[in-house]
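> Here you go, one structure.
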Amino acid sequence: MSTTFDPIQRINDGFEQFKINEFNKDPDYYRQLAQKQQPKFLMFACSDSRVSPTNILNLRPGEAFMARNIANLVPVSNKERYSDIGAIIEYAVETLNVEVILVIGHSRCGGIERLLALPDDETSYDFLDDWVSVAEPAKQRVIAENPDASGEELQTLVEKASVLDSLKNLLSYPYVQSGIEANTLQLLGGYYDFVRGNFQILETVTV
Amino acid sequence: MATNGHTIDDAINGLKKLLSEKHDLQVVAAEKIKQLTAELEATKSDGFNPVQRIREGFDRFKKEKYETNPTLYGELAKGQSPKFLVFACSDSRVCPSHILDFQPGEAFVVRNIANMVPPYDTIKHSGAGAAIEYAVLHLKVENIVVIGHSCCGGIKGLMSIPDDGTTASDFIEQWVKIGLPAKSKVKADCSDLEYSDLCTQCEKEAVNVSLGNLLTYPFVREALVNKKLSLKGAHYDFVKGTFDLWNLDFGISPSLLS
């Protein structure tokens, strides 16, 4: 363990900064928030330390209900295998009545990189390969449509295609489907490229 | 109504004229028109425009952070080496980037309902397992922190499951049942507490259940035993404005019998 980095100090300092710069500066806002949250967004983002939507979209507390997992994947509804994802979507749509679900893909995603290294790479994982295979259809589709793509170009195409698949998979949740039909919910697909420093909206799904 | 030459028709005609004169702008224009259409499609009747909100948010981040720290963002583009894996609730009020002021690159984050870490299960819990596996084995994070919080809807849901175990939701109750050992403990130990205090105790005890569940992952145990990893529990109370932090101590002693 490194001797110079003190995680307890880092956590203590971080919370102090938050209290001084945010929490204590707007007590009315935080008091109201403590009573109830009414986020308009549910956001799916990668667990990657570089892509927190709070940072890259300058969000305030209370704006977005958040799901973060490797490669920002939304698998097809499955009560046995993906109850974590189902619970997030169910709560966000049915209880919190969010208006928008945004799925954010990003550049140099380790999860997608791993997916592209399969099946040849010999390292074996208990969980990782099975999880990232949720994006296998996106990988196959991109390769079929872009036989000459490779390296970073290929990875970017798969990162984006996976976001589009996640939007499609969201529709396998009945509450999402009926929200779209009732025009109370819309889906957005986004892509954050931290190499070039830009953010694109890839797709909109509305009624 | 053509009053000052700025009707939609004028705007479109102006664009058409420009593009007929400068063909090389057509690809860029097509992309921008696509973005604009997405933005307009997204505008709700109450004026809430999610695409605009996203765009403004990113523009602010880009101007105030990304472009003012080119060295940091240049390094981050090459790779990440966060010191923390954090489990936090999906609740919009408890993002670790806010409450612990985490900057890009500092923390690999999992967010789910009630910040639960499920036990090792390759069938039922591959998402959580993958995140822990990647963080510990590939990124070699040094600290895992599980952060519970006040007024957690997921914990409230757990506490509300009737004793016979019947559930009304599709997913939510099934998921929060990971915390059942915490519920049993607080109901037994703190039966005299008010309901809301009982929930607070359960929020903290569920963090301990999650810390215990982390130990079911062999790669976590290995890193702990080799002193390359620490496990910490935390509780953020946004009513009182406080943050609690505690350690889970774990070790395997050398042989006790010789």
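The chain as shown is numbered from 1 upward.
Using the three backbone atoms N, Cα and C, a Cβ is placed for every residue, glycine included.
Worth saying up front: this structure is predicted, and the values here are computed from it rather than measured.
Pulled from TrEMBL, these are the listed features:
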type: BINDING; residues: A:C46, A:D48, A:H106, A:C109; note: Zn(2+) binding site
> Radius 10 Å, atoms counted are CB only; among the binding-site residues A:C46, A:C109, which position scores highest?
A:C46
> What number of additional C-beta atoms lies within 10 angstroms of the C-beta atom of A:D48 (Zn(2+) binding site)?
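There are 28 of them.
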> Excluding near sequence neighbours, so keeping only residues 6 or more apart in the same chain, what lies with its CB under 8 A of A:H106 (Zn(2+) binding site)?
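Those within reach of A:H106 (Zn(2+) binding site), by Cβ under 8 Å and sequence separation of 6 or more, are A:A45, A:C46, A:D48, A:R50, A:V51, A:N72, A:E159, A:Y191, A:Y192, A:D193, A:F194.
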> Starting from the Zn(2+) site formed by A:C46, A:D48, A:H106, A:C109, give every other residue of that chain whose CB sits within 8 Å of the mean position of their CB atoms, in sequence order.
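Result: A:A45, A:S47, A:R50, A:V51, A:A71, A:N72, A:G105, A:S107, A:R108, A:G110, A:G111, A:I112, A:E159, A:Y192.
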> When each of the binding-site residues A:C46, A:D48, A:H106, A:C109 is checked against chain B, which show a C-beta distance below 8 angstroms?
A:D48
> Looking only at DSSP and grouping its letters into three states, which state does A:H106 (Zn(2+) binding site) belong to?
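Once the DSSP labels are grouped into three classes, A:H106 (Zn(2+) binding site) ends up as strand.
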